[in-house]
Amino acid sequence: MRRSFSGRSRQLSHNAEQICNRSRGVTVKFIASACARSLHIQQGFGRRAQPNAVLEKVFTSITKNPDSRHLDGLSKQLDWEVRKVQRWFRHRRNQDKPSTHTKFCESMWRFTFYLYIFTYGFRFLESSRWNGLTLPCLCSVSPQVMTPGLYHYYVTELAFYWSLMFSQFTDIKRKDFLIMFIHHLATVGLISFSYVNNMARVGSLVLCVHDASDFLLEAAKLANYAKYQRFCDFLFIVFSVVFFITRLVIFPVWILNSTMFESWSIVGPFPSWWLFNFLLLVLQVLHIFWAYLIARIALKAMLRGKVCNDVRSDIESSSEDDPDTPSDGLQTSPHGPKGENGTNGHCAAAKTRAQNHSSW
């Protein structure tokens with residue numbers, strides 16, 4: 001009975017993941033791209049480096065940022081000015097960066113999902129009779145009814161995080177790739193483990209608490225890519241407040257306290273208790289790490305008067321900014337309503353992802 005139920009669950013999860021991937025394609029193609037065009041975010045890239053076999057070999061096999069010794073040697077070898085060699089490497093580095101249009105579409109997809117799933121989860125928990133109870137109801141070892149609403153919530157979340165774990169290899173490469181991979185792995189493990197071990201109620205609370213800040217993060221990124229500096233800063237502030245309240249107060253004080261200490265006194269440390277709480281602690285360690293990054297960005301923002309870097313996972317591994325280069329084909333109008341004089345200040349509000357970051 002349990003085996004057939006688990007097999008059915010895996011099949012439904014697989015089908016939901018396929019639907020999730022197709023939904024992403026539709027969202028990116030028809031909604032995100034249309035929004036990007038309306039905000040004058042073009043798909044074009046900056047100036048491309050002219051073909052040169054010698055410099056390309058150096059770029060791919062030796063260094064992408066040559067020092068003065070390499071620059072002098074290449075200048076003499078090619079009979080170019082040093083400044084021209086520097087410019088070639090700068091253009092070549094920018095050539096590999098994802099365009100602002102690509103980043104905007106990715107964030108739009110995540111924003112759409114996070115907003116939907118948080119709204120659904122919040123309304124579901126609000127209508128549940130057990131949403132105000134603690135451990136005796138939420139982590140009881142007695143059978144708990146898996147209602148259609150709770151089942152839909154779980155399968156949708158599981159499908160989304162499976163898709164994130166695989167799409168991470170094809171999406172924009174981020175500096176915190178490994179951290180986000182660990183996060184997605186722990187999330188998938190927690191969702192699956194709590195589902196098969198009769199912990200779906202407390203699992204739904206964990207999901208809702210973590211979804212509360214993610215759509216704000218993606219909204220801040222969208223404002224950044226669209227060059228709405230002030231709106232980006234405002235969303236970053238709201239995101240930071242919600243993140244700290246949900247991840248550093250509600251999650252450890254209420255949920256972790258229930259799953260680790262109240263459960264010990266009521267039902268004892270049964271075998272699955274150890275793994276479940278270990279995965280929750282892994283998430284809490286990531287929360288503390290991300291909170292440190294957010295606090296650091298907030299401090300810099302207060303000193304500079306604007307959010308000047310990205311928090312969690314939107315720091316791409318190839319996106320170190322080079323001066324005097326076009327910005328990913330993004331067309332800037334001095335007459336637009338996007339911040340002061342239509343400029344951005346290069347705010348990439350909110351994630352070192354930490355893609356997400358994501359998140360249980």
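Note that the numbers count up from 1, one per residue, in the order the chain is shown.
For all residues, glycine too, the Cβ spot is worked out from N, Cα and C.
Per TrEMBL, domain 'Homeobox' is recorded for 55-99. The DNA-binding region feature in TrEMBL is assigned to 57-100. Under the heading domain 'TLC', TrEMBL lists 102-303. Here TrEMBL flags 107-125, 177-196, 234-255, 275-295 as transmembrane segment. TrEMBL lists 314-360 with the feature region 'Disordered'.
Between the transmembrane segment (234-255) and the transmembrane segment (275-295) there are 3 or more Cβ pairs closer than 8 Å, counting only residues 6 or more apart in sequence, so the two stretches are in contact. Note: the domain 'Homeobox' (55-99) comprises 32 helix, 0 strand, 13 coil (DSSP; helix = H, G, I, strand = E, B).
Summarised as a single figure, the pLDDT of the DNA-binding region (57-100) averages 83.
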